[in-house]
Amino acid sequence: MSTSNSSIPASMPRWRQYWVLTKPRVTQLAVFCAVIGMFLATPGMVPYPVLFGGIAGIWLLAGAAFAVNCLIEQAVDAKMKRTSWRPSATGEVTPFHIIIFSIILGSLGMIILWNFCNPLTMWLTLATFVGYAVIYTWLLKPATPQNIVIGGLSGAMPPALGWAAVTNGLSAEAWLLVLIIFVWTPPHFWALALYRRDDYVQSGLPMLPVTHGERFTLLNILLYTLILIAATLLPYIYGMSGIIYLISAIVLGLMFLAYVIALFVSYSDALAKKTFRFSITYLSLLFAALLIDHYFL
């Protein structure tokens, strides 16, 4: 999961410097998907200790993972206009302090998940932390243009974390939610990479628009969007959802596809940015439709 950040003044209060290292908007979307997973896992209300403990624990571990991401990409972020303002890139927060901050957040998150949810949720969330901060950020991102595909599982895990928090297990329904986010991630991220490709050229990271060009990236966005639309029908086919979700999935999928086709036919950075932003709205509305369908049908 990713979101675009606008430029923020270099002089920030100390608390805000640490706050932005957690990438709060990305964390918010991840926690939202985890909460959806919690509610879909039960026909009734999620127990309040599990709900609020899960939110807090997942938020803290996600924030720790993003802070480690900022630490690992400190030199890369300094080269990119989109990320050069980050306190890690400017040196306003030192690597030592980022490590301590991440350890504190991660430890608190693990303790909360163990005590308010269950050990399975804690271990799954910790594995997601390692998958994102180490496997994706450190190993895959600088090595292959397919980094977002291969490493996408860690970003797709939040619904499964929420599901596990409630049920202390993972079922096929939980993995369907993971599949949707996994397939959604490439077109979402590559739209960003297209209109920020100059940044990625500067960074030296082998992102698809840099290594394979605009047209190849657009073709991949189109193909993954078609796969995504098919994947979003699976909850209905499997019997996990009803007609409200089905109609929503079709309408939202066609809207997303319209953006992608327009981008494929006549590319512009402005349209790529709109497509990227709509992809976030798309996922939020899709999961909201699942939740409404779950409780009202």
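These residue numbers are counts, starting from 1, taken along the chain as shown.
Here the Cβ of each residue, glycine as well, is placed from N, Cα and C on the backbone.
Annotation comment: Swiss-Prot describes 26-46 (among others) as transmembrane segment.
According to Swiss-Prot, the feature transmembrane segment maps to 48-68 (among others).
Annotation source Swiss-Prot lists transmembrane segment at 96-116 (among others). Remote same-chain partners of the transmembrane segment (96-116), defined as residues 6 or more beyond its termini with a Cβ less than 8 Å from a stretch Cβ, comprise 18, 21-22, 49-50, 52-54, 56-61, 63-65, 67-68, 70-71, 88, 122, 125-126, 129, 165.
If you look up Swiss-Prot, you'll see 120-140 (among others) marked as transmembrane segment, on the strength of sequence analysis.
Annotation source Swiss-Prot lists transmembrane segment at 147-167 (among others).
Note on the transmembrane segment (174-194): residues 1-2, 4, 33, 36-37, 40-41, 148-149, 152-153, 155-160, 163-164, 200, 207-210, 214, 217-218, 220-221, 224-225, 227-228, 231-232, 234-235, 238, 240, 256, 260, 263, 267, 269, 272-273, 275-276, 279-280, 282-283, 286-287, 290 of its chain, located 6 or more positions outside it, place their CB under 8 angstroms from a CB of the stretch. Swiss-Prot lists 174-194 (among others) with the feature transmembrane segment.
The transmembrane segment annotation in Swiss-Prot covers 218-238 (among others) and is backed by sequence analysis.
The transmembrane segment feature in Swiss-Prot is assigned to 243-263 (among others).
Summarising the annotation, Swiss-Prot assigns transmembrane segment to 276-296 (among others) and lists sequence analysis as the type of evidence.
Long-range contacts of the transmembrane segment (48-68) within the same chain, counting only residues at least 6 positions beyond its ends with a Cβ under 8 Å from a Cβ of the stretch, are 18, 21-24, 26-27, 30-31, 34-35, 38, 98, 101-103, 105-106, 108-110, 112-113, 115-117, 121-122, 125-126, 128-129, 132-134, 137, 158, 161-162, 165-166. The transmembrane segment (147-167) shares more Cβ pairs under 8 Å with 26-46 than with any other stretch in the list 26-46, 120-140, 276-296.
A Cβ distance under 8 Å defines the sequence-distant neighbours of the transmembrane segment (276-296), meaning residues of its chain 6+ beyond its ends; these are 3-4, 29, 32-33, 36, 39-40, 159, 177, 180-181, 184, 187-188, 191-192, 195, 232, 235, 241-245, 248-249, 252, 255-256, 259.
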